[in-house]
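Here is the structure we will look at.
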């Protein structure tokens, strides 16, 4: 027999069989969106197959046979109200007591009150229904997998457990307080634990007594209550016997016709508590509890069995056992405390209950729903199925339990006032993802390049980025903008080691890396990436990748590698790939104009004019005509090779086939400049302007340099001053046309700031052109004009300093050097660097070389001291010779400044400087200072330098001095050494030996 039941998906669906066995398991653990799940089931106790259908769009649950056409499965309105009412009731109850004391307990109840067990769970289905509803309360989600494994027991074990649960009583309590009434009033009073009284008092105070509906039961419901009361009476009697052994002062009096009572000492707080409970009890229920004739018989049987149970409990209390033995596993009750909390509840707590049918179909519904769910989960191979994009939301894979994939509650069945923490967060927006990627790029850019691999992986994974082809490409792009090409290669290596990362368009990532490496001028690394692309069919280069690597190699001048790339384009893959669906896949390509232009760029760097004719031949074979850009590059190749006649020839060919561009005119102007034809260069630019071709700034810059090198500085400056005002005037006209008069000043200032740097570069180029041509005066004139327009930078000042010194204008050079040195004293913040220039190493070396060459030792000393003051160190290879010459010329302060500088920096002076200082001290008669300088360096000089302080070396030095001076020196050295044992190879030891040999030689000669 099969029953098809449709109900709200928030509860469960059921299939009922004749044995009425039930098995419970949560049905919906995780939200499915816009999907339909159909599972075929083979019932164990049914011959016919059933189909379990979950339509998650409409939240319908149904059971159909395979022969049915559609899933026409909708819950009835009464069933829907019934389930929703139970769910809302469960949500309001946050705490439940383990044991509910009857209405008359405590001494204040009515003797003829009608008792009824309201929420006793006879079947496993209804007992689990309470847990199921509590599980979907306000702050609880189904997560207890241990309960689910226990709930997989069959129906017989479930019924046996419920029966044993009815016999189980509170094992931790030291006393029982019960009040029974059979014909009159019979009471049993037992002292109970203080914690139990406080908890029970708090629960009784918060009980609700104004429920609007009663419980209507049919004849089958009365029979069910009979079984419940029989088992209750047995348990209470057993508890009473047990308490009898623990309390020696219990006096039990029984009366068959009148009043029978069992009296025990009672605590005062216990009486106050029951008095308070009776005060809050509700006795004005709006509707009674309708029962049939069998209900009256039930009350008689219940009361008789309750008295027997109490007597049994009193006898049982004689034993010393503190716990009540039960047949059920104690671990199950400890793991399921919420199920043991709800035992009994008064009829007076609710005026109106849940309407049930005569056959108790609510219990059967839940039991069969659990059983069907268990069968569905056992037969549905969820591991082999692949989750779709929408099903994957919120799924958490667990190899031990497939149910972990559905560990979240369906949001559609949550109440509006409940928390939505379980619902997946919305997808990250594109802007937010871009911000995360850029932040990660900055973190990686600032980190150490030699950071460990685990630390790099941690930084990558902690960015909260879902790594796809697009996100990795953007990460490489941001790293390229920051100029960190090493980190780009590290990111690619990290991706190659990730087994979980499956890229569909890895070619795009490699191509982006090629672009970054090309902009960073890293041709070798780009070629390595290109070789890596050839190893996989998914990353095999396309035309975009070939263009990128060709441009990179062409700018670097690697012609051989560039021809290798061209051969790779035209040939099939050398590696044999696995056969794919692309049977006719052919990666062979022909070079296009971009690749050929890259070859011309390489020829410019290598100055190989033969490559230009090879490009023309290849274009002719393909039937293509050279573009203006190609002609311009060919002319540039001929200019680099100094074949000026070919430049003019190709320019004439370009005029016949197409209109020359600004690049071609620039190459032509540079050619005329090299030939010394400045007038023709001017006419060429005028012809370009007459044709309506807009020249670039580089063109006018080259023309201005041509004029300045020819001595026509005014015309060159006019050319420079002509370009910028024209641009500013055009921008100003555009602003007026756009009716944005109020933004004119702001835009003009912005344009001036943008044009500031190119203007400095332009003037610097003009000065360099004049210096190269030998026109120092013109260079000085342009330098003075430049100060009126913009502030010269360090490069401009160094060029002019060298020009002054080469042109014999030493005074002008000294003034410029002094101005640059004094600017360092007036810098207080970063904005001062824009208008002031500080000298660098090139500035000091240029000034020192010129002063030493012209033997201007005073200026040399000033420049040398300024160099040390600005933080630049003494360079022995460059400065030692000049320092020794200055010392011999009488500028000993230069040598002393060098000695002090090296002492502060813990550096050992070179041996020529040590000897020179020693000689100067001996000449002045300061033997103590001379010996002290050697003693301080004794033991610190390297072995390679000790050769300069050998005995023979000192002998050559001492030959310059008189005998009396050497004798005095020997005495001072002996006093310095004293009793200390100096090795024969030490500096002072060698000096002493040399002095003795020198004196012996002089004495022998005399």
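Just so you know, glycine gets a Cβ as well, placed from its N, Cα and C.
Under the heading transit peptide, Swiss-Prot lists 1-40, citing sequence analysis as support.
Positions annotated as region 'Disordered' by Swiss-Prot: 180-219 (among others).
The compositional bias 'Basic and acidic residues' feature in Swiss-Prot is assigned to 194-219 (among others).
The region 'Disordered' annotation in Swiss-Prot covers 248-292 (among others).
Here Swiss-Prot flags 254-263 as compositional bias 'Polar residues'.
The compositional bias 'Basic and acidic residues' annotation in Swiss-Prot covers 265-284 (among others).
In the predicted model, the repeat 'PPR 1' (468-502) shows an average pLDDT of 85. Residues or ranges marked as repeat 'PPR 1' in Swiss-Prot: 468-502.
According to Swiss-Prot, the repeat 'PPR 2' annotation covers 506-536.
Positions annotated as repeat 'PPR 3' by Swiss-Prot: 542-572.
The repeat 'PPR 4' feature in Swiss-Prot is assigned to 592-626.
Counting same-chain residues at least six beyond the ends of the repeat 'PPR 5' (627-657), those with a Cβ under 8 angstroms from any Cβ of the stretch are 593, 596-597, 600-601, 603-604, 607-609, 611-612, 615-616, 619, 663-664, 667-668, 670-671, 674-675. Sequence annotations record features per position, and here Swiss-Prot assigns repeat 'PPR 5' to 627-657.
Annotation comment: Swiss-Prot describes 661-695 as repeat 'PPR 6'.
Residues annotated as repeat 'PPR 7' in Swiss-Prot: 759-789. Same-chain residues lying 6 or more positions outside the repeat 'PPR 7' (759-789) and placing a CB less than 8 Å from one of its CB atoms are 697, 701, 704-706, 708-711, 713, 716-717, 720, 724, 795-796, 799-800, 802-804, 806-807, 809, 812.
Look at Swiss-Prot and you will find 793-827 tagged as repeat 'PPR 8'. Non-local neighbours of the repeat 'PPR 8' (793-827) in the same chain are 760, 763-764, 767-768, 771, 776-777, 779-780, 783, 786, 833, 836-840, 842-843, 846-847, 850, 854, 856, 859, 863, 866, 870; each lies 6+ residues outside the stretch with a CB under 8 Å from one of its CB atoms.
Feature annotation from Swiss-Prot assigns repeat 'PPR 9' to 840-874. Counting only same-chain residues 6+ beyond the ends of the repeat 'PPR 9' (840-874), those with a CB under 8 A from a CB of the stretch are 794, 797-798, 801-802, 805, 810, 813-814, 817, 820-821, 824, 882-883, 885-886, 889-891, 893-894, 897-898, 901-902, 905.
Here Swiss-Prot flags 875-909 as repeat 'PPR 10'.
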Helix, strand and coil residues within the repeat 'PPR 3' (542-572) as assigned by DSSP: 26 helix, 0 strand, 5 coil
Leading contact stretch, 506-536, 592-626, 661-695 vs the repeat 'PPR 3' (542-572) - CB distance under 8 Å: 592-626
Tertiary contacts of the repeat 'PPR 2' (506-536) (same chain, 6+ residues out, Cβ under 8 Å): 469, 472-473, 476-477, 479-480, 483, 485, 488-489, 492, 495, 542, 544-545, 548-549, 551-553, 555-556, 558, 561, 565, 568, 573-575, 577
Same-chain residues at least 6 beyond the ends of the repeat 'PPR 4' (592-626) whose Cβ lies under 8 Å from its Cβ atoms: 543, 546-547, 550-551, 553-559, 562-563, 565-566, 569, 633-634, 636-638, 640-641, 643, 646, 657
Non-local residues, at least 6 beyond the ends, that sit with Cβ under 8 Å of the repeat 'PPR 6' (661-695): 628-629, 631-633, 635-636, 639, 642, 644, 647-648, 651, 654, 702-703, 705-707, 709-710, 712, 715
Secondary structure tally of the repeat 'PPR 5' (627-657) (DSSP, helix then strand then coil): 27 helix, 0 strand, 4 coil
